[in-house]
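Listed features, source Swiss-Prot:
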type	residues	note
ACT_SITE	Lys24	active site
ACT_SITE	Asp153	active site
BINDING	Pro111, Ile112, Ala113, Ser114, Gly115, Ile116, Gly117, Gly118, Gly119, Ser120, Ala121	ATP binding site
Amino acid sequence: MMSSENRSHFSASCSSITEEARAKINLALHVTGQRPDGYHLLDMLVTFADHGDRLDFVPSPTDAFTLSGRFGGTLAGGSGTNLVLKARDLLRAAIGPLAFPVRIHLEKNLPIASGIGGGSADAAATLRGLTRLWGATLPEEALAALALKLGADVPMCLESRPLIARGIGEELEPVPELPAFAMVLANPLKGVSTPEVFRRLAEKNNPALSLALSRPQTADWLAAIAAARNDLEPPARELVPEIAAISAMLQAHGALLTRMSGSGATCFGIFATMAAAKDAAAALHEARLDWYFQATETVSGGV
């Protein structure tokens, strides 16, 4: 039962909050070492797509959580491990009695465990949305600390702008010069074990990410990204051969650059224009109705 204080806040608020949980794209991912606790040290160039999940937050007499979207059924039945609920509970514990009950609806448009930060983006969107709904005034540092407790990717998803991420993902540096890219996200909808990908790494002390651009134009960025790597892609391709196939399909349909994001299995192809990206996504979807293809544009560094 709600306390009288919670009831008053619930009755006084009739608004709802909507947050977008943007797909996180690893344009480059270099594994540079491993800590004694087992966590791998990474250098990453990260951006975010216009496409993603969507979360609605509405005051409610009791807590509730509902799902929809193409991939909502995958999460159904596993709500106990859902990062959205973990984020809600963690933020509520930090805020205290002002955190009245809320109904959360998640429209799950991103594939599960696919290397584009869907769960982390959902958790970050929950922190942002409930902070607004509950009228909380947490310092940015405190909110970032809560995000890190939920996972190494959540702090960068909290910002959802182009970043260089180092350490285990918690050391963030904005990249305001990064342009927007027309892109197709592609996934064969086959799971990849992240621990197994890391276990199969041939080398865990690789050269750090270097992005020295004299003229940061789009073509220069493309060249710099092409010269970088995703060190997780070779072992992921060993586990899921479809990753190589889907990358080749993107190239065959005009992608200027292709790469796997995160630990997979999502790959991205960068295209010259959004029209070209949309045409490619439509053709790829017709070729493989059982796979995931999504044309999108990434955010620019000046978001």
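Heads up, the Cβ atoms here are built off N, Cα and C, so glycines get one too.
Keep in mind that what you see is a predicted model, and the values were worked out from it rather than measured.
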Around the recorded ATP site (Pro111, Ile112, Ala113, Ser114, Gly115, Ile116, Gly117, Gly118, Gly119, Ser120, Ala121), other residues with Cβ within 8 Å of the Cβ centre, ordered by sequence, are Ala23, Lys24, Leu110, Gly262, Thr266
Whole-Å Cα distance, Pro111 (ATP binding site) to Lys24 (active site), is 12
Cβ neighbour count (within 10 Å, all chains shown) around Ala113 (ATP binding site): 17
Between Lys24 (active site) and Gly117 (ATP binding site), how many Å separate their Cα atoms? 5
Cβ contacts of Asp153 (active site) (under 8 Å, same chain, 6 or more positions away): Lys24, Gly117, Ser120, Gly169
Simplified DSSP label at Gly119 (ATP binding site) comes out helix
In all the protein chains shown, the tally of other Cβ atoms within 10 Å of the Cβ of Lys24 (active site) is 27
Taking DSSP three-state, what's Ala113 (ATP binding site) in: helix, strand or coil? coil
For Lys24 (active site), what is the secondary structure state per DSSP, taken as helix, strand or coil? strand
